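Visitor: One structure is given below, represented as structure tokens, and several questions about it will come after.
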Amino acid sequence: MRHPLVMGNWKLNGSTHMVNELIANLRKELSTVEGCGVAIAPPAIYLNQAKHELSGSRIALGAQNVDVNLSGAFTGETSAEMLKDIGAQYIIIGHSERRTYHKESDEFIAKKFGVLKEVGLTPVLCIGETEAENEAGQTEAVCAKQLDAVLNTLGAKAFEGAVIAYEPIWAIGTGKSATPAQAQAVHKFIRDHIAKQDAAIAAQVIIQYGGSVNDKNAAELFTQPDIDGALVGGASLKADAFAVIVKAAAAAKKA
């Protein structure tokens, strides 16, 4: 059985005080939770602080981005080896905000995926469609294209131990969310698409849902067979709301 993962993406939020307080509250809220992996991705400047605050807990450290280069004259970038050195494990790539604001292509994101695998880190590959693409019935075609950038260059084996986050762009930060049935249909498509190349890998890959997951809708989403946790945005900045989501994932997979 797949082990669900709930990951908090803090985006461009934080302060030294907030990092200490939020992690302390998360540790308290999640101290007895079992059966669900948990990770947080603070801004890069707070990774070292977060690492120390998480010490001895079951909460893993993640990051929000990585560069394709390992070293050199690339001002402002952070390499996979640096993230590994600091203790980060789960690295978000392909987030719609990176694709939109930084014009990151599927091919560029696939390179990031490969670099992370090479150094032993876990890619959290975000894929998903815009509202216009959704309304045009292109959801599956868009997700397939984004997956194929990795499948066609690195093969299905690259998804062993990796994480995929399906994030319908029209549902991010909008308060809208796909219904559990809608989300399940896309998650099943993603798993089936990988299974065309390797059924065993497809069966074990974690596929999170990442479209406005909150403490109100999480439990119903997690009852779906192909939804393995969540990539959480705004709700991850509140320890109590994030804990409800984690507990819902753990409970759903025990049922």
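Heads up, the Cβ atoms here are built off N, Cα and C, so glycines get one too.
Residues annotated as active site, electrophile in Swiss-Prot: His95. The annotation active site, proton acceptor is assigned in Swiss-Prot to Glu167 on the grounds of sequence analysis. Annotation comment: Swiss-Prot describes Asn9, Trp10, Lys11, Gly173, Ser212, Gly233, Gly234 as substrate binding site.
In terms of burial and nearby residues, how do these features look in this structure?
Guide: For His95 (active site, electrophile), the count of additional Cβ atoms within 10 Å of its Cβ stands at 29 [all protein chains shown].
Within 10 Å of the C-beta of Glu167 (active site, proton acceptor) there are 27 other C-beta atoms, taking all protein chains into account. DSSP assigns Glu167 (active site, proton acceptor) to coil in the three-state reduction, outside any helix or strand.
Non-local neighbourhood of Asn9 (substrate binding site): Ala41, Gln64, Ile92, His95, Leu231, Val232, Gly233, Ser236, each in the same chain, at least six residues away, with C-beta under 8 Å from its C-beta. The secondary structure of Asn9 (substrate binding site), as reduced to three states from DSSP, is extended strand.
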Visitor: Taking Gly173, Gly234 as the binding-site residues to compare, which has the smallest set of other Cβ atoms within 10 Å?
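Guide: Relative to the other binding-site residues in Gly173, Gly234, Gly173 has the fewest Cβ atoms within 10 Å.
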Visitor: State the Cα to Cα distance, in Å, between Lys11 (substrate binding site) and Glu167 (active site, proton acceptor), rounded to an integer.
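Guide: Here the two Cα atoms lie 15 Å apart.
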Visitor: Long-range same-chain neighbours of Ser212 (substrate binding site), Cβ under 8 Å, sequence gap at least 6?
Guide: Ala171, Ile172, Gly173, Thr174, Gly175, Lys176, Ser177, Gly233, Gly234
Visitor: Could you tell me the C-alpha distance between Trp10 (substrate binding site) and Glu167 (active site, proton acceptor) in angstrom, no decimals?
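Guide: That separation, Cα to Cα, works out to 16 Å.
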